[in-house]
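A.B. asks: Quick one: the structure is below, questions incoming.
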Amino acid sequence: MTILPVIPISPDQPDAVSTRRRPSMPPRHLADLDLAARQAAVTALGEPAFRAKQLSTHYFGRLVRDAAAMTDLPSATRDKLTAELLPTLLTPIREQACDDGATRKALWRLHDGALVESVLMGYPDRVTACVSSQAGCGMACPFCATGQQGLTRNLSVAEIVDQVVYLAGVAASGAVTGSPPRLSRVVFMGMGEPLANYPRVIEAVRRLTTPAPEGLGLSQRHITVSTVGLVPAMRRLIAEQLSVTLALSLHAPDDDLRDELVPVNQRWKVAEVLDAAFDYAAQTGRRVSIEYALIRDVNDQPWRADLLGRLLHGKLAHVNLIPLNPTPGSKWDASPKPVEREFVRRLREAGVSTTVRDTRGREIDGACGQLAAGELTRAGAGGVAADAEVAQ
Ligand code: SAH
């Protein structure tokens, strides 16, 4: 994995381009800590331990991120506690909406100038947050805009959780018309490779799924972690005994092509990565989602559908085909619809459950692989993944 010296571009600091700032981890935040650690932190500040629960109830229970709204705290206490435990981690730079407000993308500046994006997707029966786990990504998949940026840095637990808490607040405000007000799902399909930021992502999952006021109280089964296939980390995930859904970005059933499309395949081959995914499914009893972006004349041939069908036949797996989303400068485009239909037909004929993803957020560059927040200078460029849901 390469760590590139990425220079974040902050619109309100035009000279940031020429200022080489080293990415650095953010200050400590309430969401980095479990309840016991929050109580210890509050006590260390000379406040009674119950303040930890009070703050946590505001943040996780009521989705209040702004200290000024915490009026049940004496103002001196509020100032002290918010300075120490609720530092601003995400500064909004831009929000965009499409699909009549059902898809919203937020672009954030982190404390060190790094940029990330998150996407909120509303459906009639649910609201899903697609969050980033890293600023940029080191996996270098050539069809993905985030992959072209390189990695800036890992996000902290709280930087991940705060994206969700913010989006849950947007949903609760009723802004996602035609959807329930409660955010119920989280997909780690924004910028970054979640399993390359393993301990923080796992802790963020725990925070998101612990009941309020310690956490957000989401169901583990409503959380999806997507990976390029870092086999040792997948094996570690099996041992965690969580019941989150695992998505594997496969994109090719053969090593020759996958070596190119998902460069990490040069290290862990298709057979090995699928074995780890099947073991995860066996351990959790949960179907793994095999992600496959259909790219015209690259990976959409009938023989590849048949090979994929043979690899997945009889396994606890579901194929999620993603029509390739356009990315700047890419030589590739989506497969024609008849080719896509034939691919689906062959997989189903092999007994493999298959759906084509409902692409969300393309107009705002918020669809899968389009998140490239570093590209602010290019007109209209955006940067994360909104189409992270399956069309049933
Ligand atoms: N790094 C993780 C998490 C990102 S999820 C992973 O790769 O799984 C984003 C999903 O969108 C991945 O399946 C990714 O391969 C896919 N994707 C990337 N670029 C895309 C594009 N241009 N069109 C469609 N899907 C794309």
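The backbone N, Cα and C atoms fix where each Cβ goes, glycine too.
As annotated in TrEMBL:
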ACT_SITE  GLU117  active site, proton acceptor
ACT_SITE  CYS368  active site, S-methylcysteine intermediate
BINDING   CYS137, CYS141, CYS144  [4Fe-4S] cluster binding site
BINDING   GLY192, GLU193, SER226, SER249, LEU250, HIS251, ASN325  S-adenosyl-L-methionine binding site
DOMAIN    123-363  domain 'Radical SAM core'
A.B. asks: Counting Cβ neighbours within 10 Å across all chains shown, tell me which of the recorded positions CYS137, CYS141, CYS144, LEU250, CYS368 comes out on top.
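C.D. replies: Answer returned by the neighbour count: CYS368.
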A.B. asks: Using Cα coordinates, what distance in whole Å links CYS144 ([4Fe-4S] cluster binding site) and CYS368 (active site, S-methylcysteine intermediate)?
C.D. replies: 8
A.B. asks: Would you mind giving the whole-number mean pLDDT across the domain 'Radical SAM core' (123-363)?
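C.D. replies: Mean pLDDT for the domain 'Radical SAM core' (123-363): 96.
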A.B. asks: Round to the nearest Å and give the CA-to-CA distance linking GLY192 (S-adenosyl-L-methionine binding site) with CYS137 ([4Fe-4S] cluster binding site).
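C.D. replies: Roughly 4 Å, rounded to the nearest whole number.
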A.B. asks: Rounded to an integer, what is the Cα-Cα distance in Å between LEU250 (S-adenosyl-L-methionine binding site) and CYS368 (active site, S-methylcysteine intermediate)?
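C.D. replies: Cα of LEU250 (S-adenosyl-L-methionine binding site) to Cα of CYS368 (active site, S-methylcysteine intermediate) measures 14 Å after rounding.
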A.B. asks: Write down the Cα-Cα distance for CYS141 ([4Fe-4S] cluster binding site) and SER249 (S-adenosyl-L-methionine binding site), rounded and given in Å.
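C.D. replies: It is 10 Å, counting Cα to Cα.
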A.B. asks: Rounded to the nearest angstrom, how far is the Cα of SER226 (S-adenosyl-L-methionine binding site) from the Cα of CYS368 (active site, S-methylcysteine intermediate)?
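C.D. replies: Taking the Cα atoms only, CYS368 (active site, S-methylcysteine intermediate) lies 12 Å from SER226 (S-adenosyl-L-methionine binding site).
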A.B. asks: Taking the centroid of the Cβ atoms of CYS137, CYS141, CYS144 as the [4Fe-4S] cluster site, which other residues of that chain lie with their Cβ within 8 Å of it, listed in sequence order?
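C.D. replies: Those within range, site residues removed, are MET139, ALA140, PHE143, ALA145, THR146, GLY147, GLN148, GLU193, VAL228, GLY369.
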A.B. asks: Tell me the Cα distance separating CYS141 ([4Fe-4S] cluster binding site) from GLU117 (active site, proton acceptor), rounded to the nearest angstrom.
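C.D. replies: With the alpha carbons as reference points, the distance is 18 Å.
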A.B. asks: For the recorded positions GLU117, GLU193, work out the Cβ neighbour count at 10 Å and name the residue with the minimum.
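C.D. replies: Counting other Cβ atoms within 10 Å of each of the recorded positions GLU117, GLU193, the minimum falls on GLU193.
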